[in-house]
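Features of the protein shown, as given by Swiss-Prot:
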{"type": "SITE", "residues": "Thr44", "note": "site 'Part of a proton relay during catalysis'"}
{"type": "BINDING", "residues": "Thr45, Ile203", "note": "pyruvate binding site"}
{"type": "SITE", "residues": "Tyr107", "note": "site 'Part of a proton relay during catalysis'"}
{"type": "ACT_SITE", "residues": "Tyr133", "note": "active site, proton donor/acceptor"}
{"type": "ACT_SITE", "residues": "Lys161", "note": "active site, schiff-base intermediate with substrate"}
Amino acid sequence: MINGSIVALITPMNSDGSVDFASLERLVEFHIDQGTDAIVAVGTTGESATLPMNEHVTVVAQTVKFAAGRIPVIGGNGANATSEAIELTKSLSKVGVAAMLGVTPYYNKPTPKGLVAHYKAVAASTDIPQILYNVPGRTAVDMKPETVAELVGVSNIIGVKEATGDVSRVKRLRELCGNDFMLYSGDDATAREFLLLGGNGVISVANNIVPKAFKAMCDAALAGNAELAASIDEPLRGLYSTLFCEANPIPVKWAAHRMGLIECGHIRLPLTELSEQCHGLLLDAMTRAQIEVK
């Protein structure tokens with residue numbers, strides 16, 4: 001099973017909006033070198049909402065190719081039409097992903113019954129492990145632990161990414177879903193506590209720019225060393241909040257560009273590049289997190 005420090009990878013782009021595959025390859029190498037445990041390709045942070053399906057599949061496939069078996073790649077397969085999610089899932093099943101991460105259908109606000117039916121239909125279209133993804137702040141639907149529990153019996157649904165920031169859900173999910181069901185935090189600010197309470201890993205935005213420290217924090221928390229985990233995590237807490245001074249992934253892309261990790265900080269409309277009033281805030285947070293900028 002995939003656990004530990006997982007990066008929600010940005011999708012680097014050229015100034016004309018095309019995907020910058022040279023920078024993508026460098027990012028994959030960077031995370032392998034820094035010890036990251038797995039990569040999520042083309043999730044929320046990877047701008048899945050603005051990549052058409054053929055481009056989405058290509059970016060995931062290239063990420064798998066660059067990884068070359070050295071680090072697991074999880075492909076984002078979420079959509080708000082079940083038929084589209086199934087089509088995407090079938091395409092991703094052919095490119096070598098270790099698992100897929102499917103966000104709850106957004107905007108159309110399905111009922112719990114609809115969520116269960118959606119995920120069962122998607123899971124039935126592939127043998128690849130599936131991870132549920134709950135982020136109500138973006139989707140307008142909250143998949144409660146009781147709904148997640150209805151999907152535990154589906155053999156290739158292996159876990160959930162819980163991005164509400166409500167760490168009380170760790171205990172409830174564990175009670176309802178059992179010890180073998182994987183629980184991933186999707187909220188950097190509460191990730192340490194999430195792991196110490198019994199979570200298995202973190203799918204992280206900050207991990208794009210502080211992978212070594214984030215890996216060390218995750219390892220310490222998973223080992224039950226709360227003191228060590230806190231000593232690593234506390235200096236990063238200002239960074240966690242500042243990376244959401246505007247909608248993700250606007251700030252983290254800007255930061256990655258300032259670090260020289262990607263050639264260009266371009267982001268696709270309707271998102272725009274980081275506002276000037278946030279530049280100083282983010283630079284200050286990066287400095288306090290001991291991140292070198294160029």
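Each Cβ is built from the backbone N, Cα and C atoms, and glycine gets one as well.
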For the recorded positions listed (Tyr107, Tyr133), most other Cβ atoms within 10 Å of the Cβ sits at Tyr133
Rounded to a whole number of Å, the separation of the Cα atoms of Thr44 (site 'Part of a proton relay during catalysis') and the residue listed as 'active site, proton donor/acceptor' comes to 10
Of Thr45, Tyr107, Lys161, the recorded positions lying within 10 angstroms (C-alpha) of the residue listed as 'active site, proton donor/acceptor' are Lys161
Whole-Å Cα distance, Thr45 (pyruvate binding site) to the residue listed as 'active site, schiff-base intermediate with substrate', is 14
Between the C-alpha atoms of Lys161 (active site, schiff-base intermediate with substrate) and Ile203 (pyruvate binding site), the distance in angstrom, to the nearest integer, is 7
DSSP output for Thr45 (pyruvate binding site) maps to coil
Ordered by sequence, the long-range same-chain Cβ contacts of Ile203 (pyruvate binding site) under 8 Å (at least 6 apart) are Ile6, Val7, Ala8, Val40, Gly43, Leu101, Lys161, Tyr184, Ser185, Gly186
The residue listed as 'active site, schiff-base intermediate with substrate', Cβ-centred 10 Å count of other Cβ atoms over all protein chains shown, is 27
